[in-house]
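Feature list (source: Swiss-Prot):
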ACT_SITE  Arg164  active site
ACT_SITE  Glu172  active site
ACT_SITE  Arg212  active site
BINDING   Asp169  Ca(2+) binding site
COMPBIAS  49-59  compositional bias 'Polar residues'
COMPBIAS  283-303  compositional bias 'Basic and acidic residues'
DOMAIN    115-276  domain 'TNase-like'
REGION    1-59  region 'Disordered'
REGION    281-303  region 'Disordered'
TRANSMEM  77-93  transmembrane segment
Amino acid sequence: MRWLFWASPPQNDSHDASPNAHPRPIKPQRREAHQDHTPAPGQAAPEPTISNAQSSRDWNSSLNATDWKQFTEPKTIIPTALLTGGILLCVHIHRKYLRRIPEAGYISPSYFRRRSLLGKVTSVGDGDNFRLYHTPGGRLGGWEWLRKVPTGKNELRNRTIHIRLAGIDAPELPHFGRPAQPYSHEAHTWLTNYLLNRRVRAFLYRPDQYGRVVATVYVRRWLLFKQDVGLQMLKQGWATVYEAKTGVEFGGAELERKYRDAEAWAKRRGLGLWEGLKGKKKEKWESPREFKTRMAAEEAQRK
């Protein structure tokens, strides 16, 4: 039955009863997420797609990758070698020349007869020995303007080197129960005025049985002229040449000759302790070595 012309058309043409009506084709929905990407036989496989997360990882890994070749290039090797060598050189210089030695027991055997110590005299104990505060590098090492030398007894305790002047023997002050030898105070006073609070250089020879270091010592008194302290004591007549069967140390045959000539010169003029050889005093005069020998014999008899 035909619809009247004023009637509304049918809701769905697919329900048209006309036998000649053809059904409208239905378009398939796109479901890309569920499509099977398996290639057909004879067909090439599609290229995989790169996600954003994977591309980010590749970019970060390329940034963090280490290029080991750059460490073998001259522009890297040369500065590194120079820096390392400079550091090792500074450490070597500090250990060999700028390290302070607190006491005689810390002196390496390699120093004896090869090295010298620069320091300041803090006290004079006798006519032939004193205490030295080691100041490595001197003024170039900052001493006296950046680094101060201690002055108090507590500050200097266990921090000074006991030096024994080589090649000479001065009159003994009273100690160990022994009386003072004639001219001992005069010799001690002269050496104190000559050395105390002055910078000296000591050329080390060996340690002695009392924990001291036997050394030839030089001091600058006038301008740039350095003077041998032991030689000056001999010239002034406040010491004699060291005489003993063993343990005699002069620092060489040349120094020994100078010392003996200086002693003979002062003896002829009757300077210092040699004044006792004049007139009636000659019978009572004895050298520092003779005094020590007599004291040792008397102590042995008392035992």
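Yeah, the Cβs are placed from backbone N, Cα and C, and that goes for glycine too.
Residue pair Glu172 (active site) / Arg164 (active site) shows a Cα separation of 13 Å. Sequence-remote contacts of a segment are chain residues at least 6 beyond its ends whose Cβ falls under 8 Å from one of its Cβ atoms, and for the transmembrane segment (77-93) they are 71. Per-site Cβ counts within 10 Å over the active-site residues Arg164, Arg212 peak at Arg164. If you draw a 10 Å sphere around the CB of Glu172 (active site), it holds 21 other CB atoms from the protein chains shown.
Note: the CA-CA distance between Arg212 (active site) and the residue listed as 'Ca(2+) binding site' rounds to 15 Å. Counting Cβ atoms from all protein chains shown, the residue listed as 'Ca(2+) binding site' has 20 others lying within 10 Å of its own Cβ. Secondary structure of the region 'Disordered' (281-303), assigned with DSSP and counted as helix (H, G, I), strand (E, B) and coil, comes to 18 helix, 0 strand, 5 coil. In the three-state DSSP scheme, Arg164 (active site) falls into the strand class.
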